[in-house]
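Taken from TrEMBL, the feature active site, proton donor covers Tyr58. The feature substrate binding site is assigned by TrEMBL to His120. Sequence annotations record features per position, and here TrEMBL assigns domain 'NADP-dependent oxidoreductase' to 31-292. Taken from TrEMBL, the feature site 'Lowers pKa of active site Tyr' applies to Lys87.
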Amino acid sequence: MGSVEIPTKVLTNTSAQIKMPVVGMGSAPDFTCKKDTKEAIIEAIKQGYRHFDTAAAYGSEQALGEALNEAIQLGLVTREQLFVTSKLWVTENHPHLVLPALQKSLKTLQLDYLDLYLIHWPLSSQPGKFSFPIDVADLLPFDVKGVWESMEEALRLGLTKAIGVSNFSVKKLQKLLSVATVLPAVNQVEMNLAWQQKKLREFCNENGIVLTAYSPLRKGASRGANEVMENDMLKQIADAHGKSVAQISLRWLYEQGITFVPKSYDKERMSQNLSIFDWTLTKEDHEKIDQIKQNRLIPGPTKPSLNDLWDDEI
């Protein structure tokens, strides 16, 4: 299979109406060795991937930067064709630390600018004290207004083309919108067929916020059976289309107008994740998918969990 032309989604809350490829390649912390990472990213670019998602906390910025640099040197892609997202970690989620954190990410990635910079969690913790999970004792009040002003400053300085958030509930988005001059372009959250986030989808649609799904195949936590990948009804839908359950899952997100960043370093699966644009789910498929029992997979980054992190929204 040659290179796939991936559809894009306009980030309507950006002044330049920036386009983001609907499928990105995620790169969470469960990284294999750096060499494998580089090879996977080069392979992804050859297949048509242009959107790469990382974060300061993942420890993957350096390998991603090296791979993108190599791909540019090889003439596989230009910087302008790439869409690179990174995220501000909770230890730097303070007004005076946003710009230094972004500049550090840029240096590590060997880039002059990001396409999108996100606040990783609506939480702030002790600067310089990196731990995962985050110790609740290290949490500090999150100055959403001050931090967002610094994000807006990063935009003005051209260090990033768009700004957004991650893991924000409707309630937390409402608070942000009440103090923001520039509205967030994106909210990246857990979303998959067993956590469809209807209320959040409606709110984001009304406010021009594009949603990006992480754990779109409900991988990323080892809690028992995978309620998406091991769902018999989804297997039947997949068989009827001659597709995999993963492809059904991603197609559903695409049909909802959701963008997504699956993590796969497997050549075959990376290719399958792009083979979702030339067929559609039926009305019956959608009705069945609506019946899937819903529950959140990722409880949050703290130990113990916080009661008010998600504001109990379904």
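Every residue gets a Cβ built from N, Cα and C, even glycine.
It is 5 Å from the Cα atom of His120 (substrate binding site) to that of Lys87 (site 'Lowers pKa of active site Tyr'). For the domain 'NADP-dependent oxidoreductase' (31-292), the model's pLDDT averages out at 95. Around the Cβ of His120 (substrate binding site), the number of neighbouring Cβ atoms within 10 Å comes to 21.
The 10 Å shell around the Cβ of Tyr58 (active site, proton donor) contains 20 further Cβ atoms across the protein chains shown. Within 10 Å of the C-beta atom of Lys87 (site 'Lowers pKa of active site Tyr') sit 25 other C-beta atoms, taking all shown protein chains into account.
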